[in-house]
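Chemist: Residues or ranges marked as active site, proton acceptor in Swiss-Prot (evidence: sequence analysis): Lys34, Tyr271. The N6-(pyridoxal phosphate)lysine annotation in Swiss-Prot covers Lys34, and the record cites sequence analysis as its basis. For Arg147, Met319, the entry in Swiss-Prot reads substrate binding site, with the evidence type sequence analysis.
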Amino acid sequence: MKPATATISREALRHNIELIKTFAPQQKLLAMIKANAYGQGLLPAADTLADLVEGFGVARLREALEIQETGYTGKILLIEGFFDREELLKTLSRRFDTVIHCQEQLELLEQVAEEWQQEQQKGFWKRKAKIYFPINVWLKIDTGMHRLGVHPEQVDMFYQRLKACPLVESISFVSHFSRADEPDCGYTEKQIAIFEAATSPYPTHERSISASSGILYWKQAHYDWVRPGIIMHGISPHYTPITDLGFKPVMTLSSSLIAVRTHKAGEPVGYGGTWISDKDTKLGVVAMGYGDGYPRNAPEGTPVLVNGRIVPIVGRVSMDMLTVDLGADSQDKVGDEVIFWGKDLLIEEVAQHIGVISYELITKLTPRVIFEYE
């Protein structure tokens, strides 16, 4: 009998990357392993994918440092850039790639570069011990997401200043789709046109705009780099599963029945007595709750899998446990496995039932959940 356990299939993760390469065969892959690799484990994901991709993308400097400290020597991109001077200095000393998305970041980089140049002009023995290296900068362009990025009309000003900066080794261009999972909305074509216009004066520089949905649906926008995220884990960026495209779910979330109880019609279950059975039945109590990251707001009827069949959650999810209706004829017993999502119960179905996105479910699992890698 096991408590809440997330089983991660390395084979499925590698399979999904190989499949992604068939969608973008000419492009380099920057695997997005931010947010603890979408909740699946930062370092295990990096180790599993290191020989299959050209680099990794992360959202926090700490993530980049952890990956590099394992001995990884490839490209690591900070997709939000550096947050302050200290982070910039570490980015320079560790030679991470960084996004530049605003005036403040550019000015800080120029300031540090000026100080660095002054140090270089000193005699060798008078220089400070810190050594910084020119790095690759990805200039973020706001093409319509309206979250991060310079306005298209600012691109040349930023480009010229970055080109003149001695701490910039190369400049790439990056943007992000806001509605790429809606192929018929027309907005993505608009973003592509803006990106093309903003970057066409710099034909020798690498470009990237396609993340998971862009990879699947917008081949014309694959450019030089694609940035797979959620699809690496066999999960759709929307509610329609992608297993029919050949993707394999990487995570199986499971636990065990810790009690099986007979329950009479008319009796309530759980906090607040929100569910009352209309018939005699058997209830299963499962070692899984919001303390493990399973949503407290999962409504009655949310599906789980017990011994190969779908059964509904009943009553409120509590911190450590939840209850399922096994049915009056149940032969289930204490210790039997309960699956919350995986290859036989797709996370997209669960997410849609709860009213959240799959991203939330996989990234909110807590440290109490046991992670096993196979």
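Backbone N, Cα and C atoms are what each Cβ position is placed from, and that goes for glycine too.
Bear in mind that the values here come from a model prediction, so they are computed numbers and not experimental data.
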Chemist: In sequence order, what residues of the same chain, 6+ apart, have a Cβ less than 8 Å from the Cβ of Arg147 (substrate binding site)?
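Modeler: Within the chain, Arg147 (substrate binding site) has Cβ neighbours under 8 Å at His176.
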Chemist: With Cβ-Cβ distance below 8 Å and at least 6 positions apart along the chain, what are the contacts of Tyr271 (active site, proton acceptor)? List them in sequence order.
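Modeler: Long-range Cβ contacts: Gly315, Arg316, Ser318.
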Chemist: My understanding is the cutoff is Cβ-Cβ under 8 Å with a sequence separation of 6 or more in the same chain; which residues meet that for Lys34 (active site, proton acceptor)?
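Modeler: Residues satisfying the criterion: Gly57, Val58, Ala59, Arg60, Glu63, Ile79, Gly229.
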Chemist: Give the three-state DSSP assignment (helix, strand or coil) for Met319 (substrate binding site).
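Modeler: DSSP assigns Met319 (substrate binding site) to coil.
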Chemist: Just to confirm: which same-chain residues, 6+ apart in sequence, have a Cβ under 8 Å from the Cβ of Met319 (substrate binding site)?
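Modeler: Long-range Cβ contacts: Gly289, Tyr290, Gly291.
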